[in-house]
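Encoded as structure tokens, the structure appears first; notes follow it.
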Amino acid sequence: VRAHGAKVLVSFGDAVKNLDNLKGTFAKLSELHCDKLHEDPENFKLLGNILVICLAEHFGKEFTPEVQAATQKTVAGVANALAHKYH
């Protein structure tokens, strides 16, 4: 589980580097999660929400409303990109 968590966090780093092409960045992962793992795409949204909560807890006052909004927008974009193969 820890190794998968590390991969997930690295993928969010990739998202930040590729905000203008999230669907392309996550195309292979979308295919993997849809075709092979049969993951419920709602879980991508849930994971994003959990990540926002964890970051808010970790950064405290530094996690301003502006940072929260940007983070939520990014995790929503990642969730949408991961769910792309399902559409």
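Numbering starts at 1 and runs along the chain as it is shown here.
Placed from the backbone N, Cα and C atoms, the Cβ positions cover glycine too.
Predicted, not measured: the structure shown is a model, and the values here were computed from it.
Within the same chain, residues at least six positions away from H33 (heme b binding site) with a Cβ under 8 Å of its Cβ are E39, P41, F44, L82, K85. Annotation comment: Swiss-Prot describes H4, H33 as heme b binding site, evidence class sequence analysis.
Taken from Swiss-Prot, the feature domain 'Globin' applies to 1-87, supported by sequence analysis.
According to Swiss-Prot, the feature N6-acetyllysine maps to K23 (among others). The secondary structure of K23 (N6-acetyllysine), as reduced to three states from DSSP, is helical.
For C34, the entry in Swiss-Prot reads S-nitrosocysteine, with the evidence type similarity to another entry. In sequence order, P41, K85, Y86 are the residues of the chain that are 6 or more apart from C34 (S-nitrosocysteine) and have a CB within less than 8 Å of its CB.
Residues or ranges marked as N6-acetyllysine by Swiss-Prot: K85 (among others). When Cβ atoms from all protein chains are considered, those within 10 Å of K85 (N6-acetyllysine) total 18, not counting its own.
When the recorded positions H4, K23 are scored by other C-beta atoms within 10 Å, K23 scores highest. Each residue contributes its Cα atom, and for K23 (N6-acetyllysine) and H4 (heme b binding site) these two points are 21 Å apart.
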